[in-house]
């Protein structure tokens, strides 16, 4: 078989972005399905918390294992494998009738979701010139907002009328996209030209924690943990929080859809600023905005304040995610880039395990949401401190 022709940056962004969109759509739909299962299966907050956390356990395992595999067999192959993993798993989960079976499948789906994100960002970052790399990666991450919007629309129109099973079957259709990727997507040119492909996975893991890279690895691991801990604690529970505050399921879905709309301007503003002010400082500013919004969302005592804080939370938090995905691969050379991105993202997914567990546990004990969201506020501020102390600027640096 002949070598595939190079792909334009715009087409690569669209191709990888669609994979990112499907990933976000699955995660977004899960937040609405948790709320639906709360009603249909009469789940308690203690049971609800495990759905999001098991998903994050799978994402942690997937981010680490598929990151290692991407440095061994290539970015493209792993991108396709992870896409098939979560799309087929979602389709099968539409037919389960017990929480235990649903949880097992959410672990498998989570592995695909967790593996796809760092591999896709690595693939794109290696194909873009330094002057545009940060902006393109943030724009790649903006597909996450479109996926969440699609999830909110599907949940609003499909779940109340046709059930949560129909929503999951729709996400399974993304498996067909893998067939397109197999023939249209070339692998990373930097990976293809790499002479160190025969390095063992263990050698790559050791290199990530070697003296030369331990500072960015520790910094990114802490930041990813705090950001993902807060994100999944807050966003997976948004529809359920609205339900627990007394709104109907339809009202809850409407309000979360409104909040989700703010994600796109958050991404676009970060994409515009990242090549002007740099990764480090834009990340700090957007995380501070996230912390403040989380605090006011938790303490809101009126619908208008709740929606305003929710919109700002979406704007700042998802903008920060975009910058973090641009910032992470730039810390490592090509030989260990996917391993480094996957390893630090795996620490983040561990945070994603504890976030939903924390909310479910505290909500079951009738702890106020002002206290719960204050905890997330503090976690985000810890990430800010870590970046300020240990982070370096990587704006427009040439990738090794």
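Heads up, residue numbers simply count up from 1 along the chain you see.
Glycine is no exception: its Cβ is also placed from the backbone N, Cα and C atoms.
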Can you tell me if Swiss-Prot, going by its topological domain labels, places residue 12 on the same membrane side as residue 370?
no
Between the transmembrane segment (305-325) and the transmembrane segment (254-274), are there at least three Cβ pairs closer than 8 Å, leaving out pairs fewer than 6 positions apart?
yes
For the transmembrane segment (344-364) against the transmembrane segment (50-70), do we get 3 or more Cβ-Cβ pairs below 8 Å once near-sequence pairs (under 6 apart) are dropped?
yes
